[in-house]
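Pulled from TrEMBL, these are the features on record:
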DOMAIN    359-455  domain 'PFU'
DOMAIN    484-755  domain 'PUL'
REPEAT    14-54  repeat 'WD'
REPEAT    60-106  repeat 'WD'
REPEAT    107-136  repeat 'WD'
REPEAT    145-176  repeat 'WD'
REPEAT    184-214  repeat 'WD'
REPEAT    224-255  repeat 'WD'
């Protein structure tokens with residue numbers, strides 16, 4: 001069908017989600033599904049009373065983190081309304097029955113966020129940040145293969161039967177089964193979105209800001225450049241039109257490689273899809289999905305269009321800055337009714353959508369208009385002015401000693417020593433301040449490394465710049481930016497115990513077992529009970545850990561309790577093991593029981609995380625694992641089994657038990673420290689994903705959130721996963737942290753923000 005492409009206008013809005021709308025699935029022209037950061041999926045059906053609009057017909061609840069990719073399975077005799085496939089940050093793929101909104105299959109196997117789902121005949125294929133593609137058939141995993149060496153961001157089945165995957169490694173791969181037929185290279189950054197281009201090939205959207213049309217041969221048929229930021233999604237219509245969605249807040253419509261229309265939104269456009277009839281659905285970070293149309297009879301009425309325009313205007317107004325201030329925070333014209341206090345005093349006020357500067361005329365006692373003041377479009381500030389000249393930075397420098405604040409201008413292209421010397425001469429300040437000023441410039445301009453140009457000559461002495469402790473011709477490098485809380489050094493432990501309570505509880509449980517004919521054989525003898533008391537006495541005397549020892553039978557005794565006692569009675573013994581691993585000799589004895597084919601710690605983890613998992617068992621076991629990091633003898637075991645351990649306790653982040661939340665976040669922080677040291681990228685990525693879940697959890701305890709943020713920042717700063725974190729939209733997490741009421745959350749949020757901005 002032909003579409004009059006230049007006339008797309010708003011058809012209707014689909015409000016209801018409480019957070020970003022992340023994904024769209026067009027089931028039919030009458031039924032649309034949307035996924036959201038609010039952890040829900042909404043199914044929208046054409047309104048029976050108004051065929052222009054859609055209303056929510058179902059809300060699907062089940063995912064425990066934000067939901068992303070969606071796919072629709074058409075109806076059959078068993079599922080008369082079809083099924084929906086969803087992937088989530090919680091690592092799960094769910095299949096939903098759209099008749100009743102229930103989960104009919106939970107496909108568990110990915111270790112990290114699920115980024116894509118596609119249908120391959122009767123199979124489901126999913127992609128993940130864990131670098132794998134997985135094939136599911138009748139609810140069972142039938143194939144899994146590592147498809148890229150970096151996170152996979154999208155997967156698509158082509159009409160010809162092959163699969164295409166797009167990755168953070170900037171490439172796309174064509175697959176026949178698990179065999180890679182071809183690698184497509186050309187994008188300069190992460191490949192984020194994929195779509196079929198009927199009769200031609202397929203489309204890719206990238207963080208490099210471009211969209212490419214590829215033939216299956218690997219040839220680039222078209223490259224579309226026009227977005228000013230990350231392109232998250234792309235789709236095509238049988239008419240030949242293409243639509244793309246971007247961080248730059250626009251959905252762009254393309255014809256023959258040329259952008260023919262831009263649809264502006266009040267936020268990031270995460271996803272875009274065509275309906276069969278040519279209408280376009282967009283998913284926006286303001287929590288609203290919107291439908292756009294070219295059909296005259298379906299265009300929104302004027303009141304709705306005006307309301308959207310007003311919303312757009314308010315959003316732009318809230319982001320627009322003048323003189324470093326948000327426009328909507330500027331005073332109105334009534335501020336000019338107050339007289340100035342000195343001749344030439346300036347005041348910036350809001351006039352409509354502009355900031356206007358006025359100067360006080362003392363002689364005539366009036367405010368004279370100077371002109372408009374803007375920092376640039378869409379809140380992207382122009383370079384600051386000083387004495388009528390633009391610079392990359394204009395710093396306020398406090399010399400101290402009662403001296404006034406001085407303005408120091410600087411451009412990134414300047415030599416900082418040259419800039420410092422010129423400024424010191426201009427301000428009539430001692431050249432002895434040079435090194436302090438240079439370090440100030442480099443730290444506050446975010447320049448991580450500065451290589452001194454040996455050809456530089458001091459403009460006042462003719463010599464090379466002097467760097468204390470170095471010869472004048474040596475490259476001068478700055479220290480790293482100053483962070484408040486990252487990187488984390490060393491590990492944390494839980495080293496306080498209520499020994500009397502532990503002993504009392506174990507004795508109580510043992511008496512219960514002894515009086516029960518069914519379990520009496522599992523109880524401890526009097527000698528064994530006294531031995532537990534002796535262990536407690538040794539552990540209490542922490543100042544003599546270097547000279548005290550345990551018998552091997554002590555460890556065997558505790559392990560006997562953990563293996564034989566009912567789950568509800570295990571936790572005091574587990575708590576005793578927690579303290580035992582902090583004792584050097586106790587740890588050395590315990591490790592003998594994990595470095596063999598009968599790994600009793602893994603058995604313990606399995607036992608306490610079964611379906612009837614008890615919070616007390618989870619808490620004490622996670623604390624045992626946390627304390628293992630204190631002893632280097634366990635580091636290999638912890639690294640080797642990191643995936644099993646993190647998967648086993650992955651649901652702890654959302655526990656209502658704040659102590660369990662804290663223990664789990666501490667486990668992640670210790671893993672971050674260890675895996676950074678071991679340079680284990682795969683492990684770092686899994687820890688990052690888990691820590692991000694806590695950071696996004698609104699109900700998370702403050703200390704738990706803080707430790708997860710420190711883990712994230714440390715992994716980004718010294719680990720191997722900074723790019724992955726940025727792909728995870730860590731910037732929004734940092735922004736949210738900086739808006740917290742808790743000082744330490746704000747500080748670590750600022751640390752992460754600074755890492756993001758480092759080159």
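Cβ atoms here come from the backbone N, Cα and C positions, even for glycine.
Automatic prediction, not curation, is the source of TrEMBL annotations.
Worth saying up front: this structure is predicted, and the values here are computed from it rather than measured.
If you average pLDDT over the repeat 'WD' (184-214) in this model, you get 94. Ranked by number of Cβ pairs under 8 Å to the repeat 'WD' (184-214), the listed stretches 14-54, 60-106, 145-176, 224-255 are led by 224-255. If you look at the repeat 'WD' (224-255), the same-chain residues 6 or more away from its ends with a CB under 8 A from one of its CBs are 1-3, 5, 8, 192-198, 203-207, 209-213, 261-274, 276, 278, 280, 282-283, 292, 378.
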